[in-house]
């Protein structure tokens with residue numbers, strides 16, 4: 001049986017919020033079977049818990065934000081991408097502020113934290129959402145689609161008319177049956193244009209942003225001294241974001257996601273459209289791991 005997974009141990013980290021610039025204390029904790037991923041604002045009294053579900057997404061400007069009443073948790077997508085990539089079904093994410101720390105702008109530090117905590121299998125079957133037929137949403141020239149696929153695949157295309165992007169790969173397709181999330185996707189950093197960052201700061205956004213946690217591009221070059229981590233790091237980060245956004249379904253996917261210039265808003269619209277169309281998907285489990293189209297790394301001992 002493919003079993004649900006949680007963390008073996010509690011692990012903590014400190015960082016800053018990309019948009020708020022605030023110092024944030026992050027604690028990842030094991031959670032019981034069928035809990036899902038739950039964000040907890042421990043700076044509030046009483047503590048407010050917000051499950052990582054598509055219906056709890058309230059804002060999608062610059063990042064994916066979970067909302068419950070007037071309480072929010074910003075920038076959940078990179079941590080959720082790491083949870084999805086490592087097959088974590090159940091965990092509590094405690095935060096001392098309203099934003100998940102940006103770390104280095106990728107999912108890499110979160111992968112390291114989760115692997116350091118160790119993975120614990122639980123005595124319950126892991127539930128997958130299998131796409132049964134195509135579902136799509138469009139907005140202008142942007143498009144996001146789910147199609148049936150016996151595995152998990154994410155294809156994405158960006159289209160930036162900018163000197164840094166011309167001649168560089170703007171399309172990528174990752175089939176996770178043959179490609180490692182950790183090696184090929186998790187280290188791709190978020191990116192931004194210097195002109196946009198200056199404007200965002202004037203609006204009290206991106207206050208924590210720097211070349212330490214993002215790829216920063218000016219009119220004709222990448223400003224980061226070390227350059228890019230992957231030749232196609234820009235589009236790979238969009239794949240990383242999409243994986244995090246898709247994990248708001250609450251389960252791992254069996255199917256393919258295709259995005260063309262899609263972002264957090266359209267990704268969430270696609271999830272809501274899928275959820276509402278009960279004939280387009282089904283929940284499945286696997287009694288025999290050998291018959292499953294998706295496999296996960298074996299739980300390693302805690303470091």
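Using the three backbone atoms N, Cα and C, a Cβ is placed for every residue, glycine included.
Database features (Swiss-Prot):
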- 264: active site, proton donor (ACT_SITE)
- 78, 237, 241: Zn(2+) binding site (BINDING)
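Annotation: 241 are the binding-site residues among 78, 237, 241 whose CA atoms are within 10 angstroms of the CA of the residue listed as 'active site, proton donor'. Taking Cβ-Cβ distances under 8 Å and a sequence gap of 6 or more within the same chain, the neighbours of residue 237 (Zn(2+) binding site) are 106, 188, 189, 190, 191.
Most Cβ neighbours within 10 Å, among the recorded positions 78, 264: 78 holds that distinction in the structure as shown. Sequence-ordered, the extra residues of this chain that approach the Zn(2+) site, with Cβ no more than 8 Å from the Cβ center of 78, 237, 241, are 77, 81, 105, 106, 107, 188, 189, 190, 238, 239, 240, 244. Around residue 241 (Zn(2+) binding site), the same-chain residues at least 6 positions away in sequence with a Cβ under 8 Å from its Cβ are 77, 78, 81, 190, 263, 264, 267.
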